[in-house]
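Undergrad: This structure is in C-alpha cells; I'll ask about it shortly.
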Amino acid sequence: MVVTSPRTRAPRARRPYSGTREINEQSELGAVYMRTLIRAQRRLGLSVCLVACGALGLLPLLFAIEPDLGKFRVLGLGLPWFLLCVATCPMLLLAGWFYVRQAERSEREFAELVERP
Amino acid sequence: MTSGYAIVAVVVVVLGTILVGAYGLRVSRTTSDFYVASRTVSPWWNASAIGGEYLSAASFVGIAGLIFAYGPDMLWFPVGYTAGYLVLLTMVAAPLRRSGAYTLPDFAEARFRSRGVRVVASILALAIGWLYLLPQLEGAGLTLNTVTGAPDWVGALIVTAVVTANVMSGGMRSITFVQAFQYWLKLTAITVPIVFLVIVWQVNGAESLTKPDFPVFRQNTDVSFQRQTTIHVEKAVLVKGTGSVDGVRVGDTGLVLGEGYHRIAQGAELTFPKDAPVPHLSTMAHNTNEMWSLPMSSGADFPLYGAYSLIIATFLGTMGLPHVIVRFYTNPNGTAARRTTLIVLGLLAFFYLMPPIYGALGRVYTPELLMTGQTDAVVLVLPTRMIDGVGGELLGALVAGGAFAAFLSTSSGLVVSLAGVLSQDVLRLGGVRGFRFSTVLAGLVPLAMTFVSTGMPVADMVGLAFAVAASSLCPLLMLGIWSSRITTVGAIAGMLAGGVPALTAGLVTMFADTGDAWYEILLSRPAAWTVPLGFAVMYVVSLLTQRHVPAGVQRTMVKLHAPENLGLDGSGSSSDDRS
C-alpha cells in the first residue's frame with residue numbers, strides 16, 4: 001500500500017531545514033544568509049530611489065542652467081509643467097512597480113535558499 | 001463669496017464624518033481594536049485610508065494657492081508629496097511593518113531596545129504632529145471664512161471638536177473607514193469641478209493662460225481685505241467702496257490710487273473696475289502670466305537652494321510623519337505593506353494632477369487674490385467665479401465640502417497617532433480612558449497655537465513639518481533599518497542634531513517676522529542643511545561609540561528583513577509583547 005498524501009506544513013515546522021535553523025540559532029552561516037538578503041534589498045531600494053529621485057532632482061539644475069528650456073512646449077504645455085505634472089506620475093508608478101516585483105523576487109530566492117534541505 | 005449651498009456642504013461633510021465614525025463604534029470594543037483596527041483591513045481600503053489621511057489642507061487648497069501665486073517652482077510640492085511614497089516604499093515599507101511597530105516610538109524601541117531613543121523619538125513625533133495640525137486648522141478657518149464670512153477661529157474650533165469627539169468615541173477602527181471614505185470624497189470634490197471649469201474655459205475660447213500680459217480684472221470686482229494689506233499699484237486706478245486707504249476714507253465718489261505703494265486698512269471693501277491691471281501684494285513678485293509660467297519666476301532669493309531644500313524635505317519627510325507610519329501596522333505582512341504603498345502612489349499621483357489646473361485658471365479668473373494675499377482660497381473661489389448661477393454655487397459647495405473633508409481626515413489621523421504617543425510615552429496613561437484624555441490634549445494644543453501664528457501659506461507650513469521629519473525621524477528609520485552599526489547614542493545624537501535646528505527654524509519662521517534677512521531662506525527651507533546634518537551625526541557618532549550597539553541587533557535585523565512565512569523571528573527573546 002502506498003501513501004501519496006501531499007507534504008503539509010506541520011511536520012516542516014517541527015523539523016526545520018538547515019538554513020532556517022542556522023539563522024534562528026545565530027550561527028555564522030545564518031548571519032551570512034541574512035547579510036546577503038539585506039545587502040540585496042538595500043542595493044535594490046537605493047538604486048530604484050536614486051534613479052527615480054535623481055532624475056527628478058536634476059530638473060531644477062537643468063532649468064537654472066538653461067532657462068530657455070522652460071519656454072519649450074510639449075503637448076501644449078510648458079516643458080516644466082509637462083515634466084512635473086504629467087510625466088512624473090507614470091515614471092514613479094513604474095519605478096514602484098519594478099521595485100515591488102524585484103523585492104518579492106529576491107525574497108522568494110531567499111526563501112528557497114534557506115528552506116533547502 | 002457667501003453661499004448657502006457651501007454651508008450645507010460643509011455641514012453634510014461634518015455630519016457624514018460623525019455618522020461614519022459612529023458606525024465604526026459598534027465594532028470597536030477592546031483596546032487593541034482602538035489602536036490598530038485589528039489588522040483586518042484590506043490593501044485597497046488601507047491604501048484609500050492612507051490617501052485620505054495624507055491629502056491634507058496643503059494638498060487640497062494649499063498647492064493650488066502656491067502655484068497660483070508663484071508658478072511652476074511650486075510644482076515640487078505635489079511631486080515631492082508623491083515621490084515621498086516611492087522613497088517610503090523602497091526604503092522602509094516592508095521592514096517597518098515587520099518590526100511590528102505601531103508608532104515611531106515603538107519602532108525606535110523595537111530596533112534599539114532603549115528607553116532613551118524612544119523618548120526622543122516620541123517628543124519629535126509630537127512636535128511634527130502639532131506642526132502639521134496647525135496648518136490644517138488654519139486651512140479650515142480660511143475655508144469657513146471664504147464660504148460664510150465667519151471669523152478664522154470658528155473653522156479651527158469646529159474641526160478640533162469634531163475630530164476629538166470622533167477619535168475619542170470610535171478609535172482607529174472607525175477612523176480607517178472614515179479615512180477611506182474621505183479619499184474618494186476628496187478626489188470627487190476636486191475632480192468634478194475642474195472638469196466643468198475646463199469645459200467652460202474651452203467653450204469660452206480657451207483663452208491662453210500664459211499671455212505676456214499682467215493679470216487684469218475681468219469684471220467689476222468687489223474685494224474685501226481681511227487684514228491690513230500693502231499693495232503696489234502699477235497703473236492708477238479708480239476704486240469705490242468703503243474703508244480707508246493710506247488713512248483716507250474712500251467715499252461715494254471713489255478714490256484714485258496712483259502708482260506706487262498703498263496701505264489698505266483691515267475691513268476695507270473696495271470695488272475695482274473692469275479691465276484695470278490687478279495691483280499686487282507688496283511682498284509678491286509682479287509677473288505677466290507668461291513670466292509666471294517659467295521656472296525660477298517667483299522672485300525669491302536663492303531659488304535653486306529653495307527648490308532643492310523643498311525636494312529633500314518632501315522626498316524624505318513623508319516616512320517620518322507620525323500619522324503615515326501608523327497605517328503600516330494595519331497591513332497583515334511586509335509584502336502587503338509594499339503593495340499597499342504602491343496603490344497609494346497611484347492614488348496620490350492621480351489626485352495631484354488637479355491642483356495645478358486650478359492654479360493656472362486662477363491667474364485669469366481670480367487675479368484679485370494676488371492682491372489680498374488670500375491665494376489659498378483660489379480653489380474655493382474659482383467655481384463660483386467661472387460659472388454663473390446655481391451650477392457654479394453647487395460646484396463651489398462641492399469644493400468647500402471636499403476641503404473640509406481634507407482638514408477633518410488629516411487632523412483625525414494626526415490626532416489618533418499623537419494621542420497614541422501621548423498616552424503611551426508622555427503621560428503614561430494606559431487603557432481607553434488614558435487614550436481619550438490624550439486625544440483631547442492632542443487637539444487642544446494646536447488649536448491654541450492658531451491664535452499666535454503669523455498666517456503663512458498652509459502648504460509652506462506643512463513643508464516645515466516635512467523638514468523636521470526628514471531631518472530627525474527619517475535618519476532614524478533609514479539608518480536604523482539598513483545599518484546594524486547604529487548605536488543608541490548615535491541615534492539620539494543624530495535625531496537631536498537634525499531635528500532641533502529644523503524645529504527651531506520652523507518655529508522662528510512661523511511665529512516671528514524674519515523679513516528680508518539673507519538667512520530667511522535657510523530658516524524657511526531648512527531641510528537642505530539639517531537633513532545631511534542629522535544623517536552625518538547619527539552615522540559618525542555611531543561609529544565612535546561602537547560599544548553601545550544594542551544587544552541582539554542581529555536578531556532585530558532578522559525580524560525586520562526576513563519574510564514572515566519562513567518562521568524566522570530571530571527566535572526566542574523577541575521584544576514584541578504587544579497584545
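Count begins at 1; order follows the chain as displayed.
Placed from the backbone N, Cα and C atoms, the Cβ positions cover glycine too.
Feature list, courtesy of TrEMBL:
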| type | residues | note |
| --- | --- | --- |
| TRANSMEM | B:6-25 | transmembrane segment |
| TRANSMEM | B:45-69 | transmembrane segment |
| TRANSMEM | B:75-96 | transmembrane segment |
| TRANSMEM | B:116-133 | transmembrane segment |
| TRANSMEM | B:183-203 | transmembrane segment |
| TRANSMEM | B:305-329 | transmembrane segment |
| TRANSMEM | B:341-361 | transmembrane segment |
| TRANSMEM | B:394-422 | transmembrane segment |
| TRANSMEM | B:434-456 | transmembrane segment |
| TRANSMEM | B:462-482 | transmembrane segment |
| TRANSMEM | B:489-512 | transmembrane segment |
| TRANSMEM | B:527-545 | transmembrane segment |
Undergrad: Per the 3+ Cβ pairs under 8 Å rule, pairs at least 6 apart in sequence, do the transmembrane segment (B:341-361) and the transmembrane segment (B:116-133) touch?
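TA: When sequence-distant Cβ pairs are counted, the transmembrane segment (B:116-133) does not touch the transmembrane segment (B:341-361), since fewer than 3 lie under 8 Å.
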Undergrad: Which range out of B:45-69, B:75-96, B:183-203, B:305-329, B:462-482 gives the transmembrane segment (B:116-133) the most CB pairs under 8 Å?
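TA: The stretch with the most contacts is B:462-482.
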Undergrad: As a test: from B:183-203, B:305-329, B:489-512, pick the stretch that has the greatest number of Cβ pairs under 8 Å with the transmembrane segment (B:394-422).
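TA: Ranking B:183-203, B:305-329, B:489-512 by Cβ pairs under 8 Å to the transmembrane segment (B:394-422) puts B:183-203 first.
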Undergrad: Counting only residues 6 or more past its boundaries, what in the same chain has a CB within less than 8 Å of a CB in the transmembrane segment (B:75-96)?
TA: 54, 58-59, 62-63, 66-67, 107, 307, 310-311, 313-319, 324-325, 328, 334-335, 337-338, 340-342, 344-345, 348-349, 352, 355-356, 459, 463, 466, 477-478, 481-482, 560-561
Undergrad: May I ask for the residues of the chain that lie six or more residues beyond the transmembrane segment (B:305-329) and have a Cβ under 8 Å from a Cβ within it?
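TA: Distal contacts: 36, 39, 46, 49-50, 53-54, 73, 76-77, 79-81, 83-85, 87-88, 91-93, 96-97, 100-104, 107, 125-126, 128-129, 132, 172, 337, 340, 410, 413-414, 416-418, 420-421, 463, 465-470, 472-474, 476-478, 521, 525-528, 531.
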Undergrad: If you count Cβ pairs under 8 Å, which stretch among B:183-203, B:462-482, B:489-512, B:527-545 touches the transmembrane segment (B:434-456) the most?
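TA: Looking at each of B:183-203, B:462-482, B:489-512, B:527-545 in turn, the most contacts to the transmembrane segment (B:434-456) are made by B:489-512.
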Undergrad: With a Cβ cut-off under 8 Å, give me the same-chain residues at least six positions beyond the ends of the transmembrane segment (B:462-482) that come close to it.
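TA: Same-chain contacts beyond the ends: 56-58, 62, 77, 80, 84, 91-92, 95-96, 104, 107-108, 111-112, 117, 121, 124-125, 127-128, 131-132, 135, 309-310, 312-321, 491, 494-496, 498-499, 501-503, 505-506, 509-510, 524-527, 530-531, 533-535, 538-539, 542, 560.
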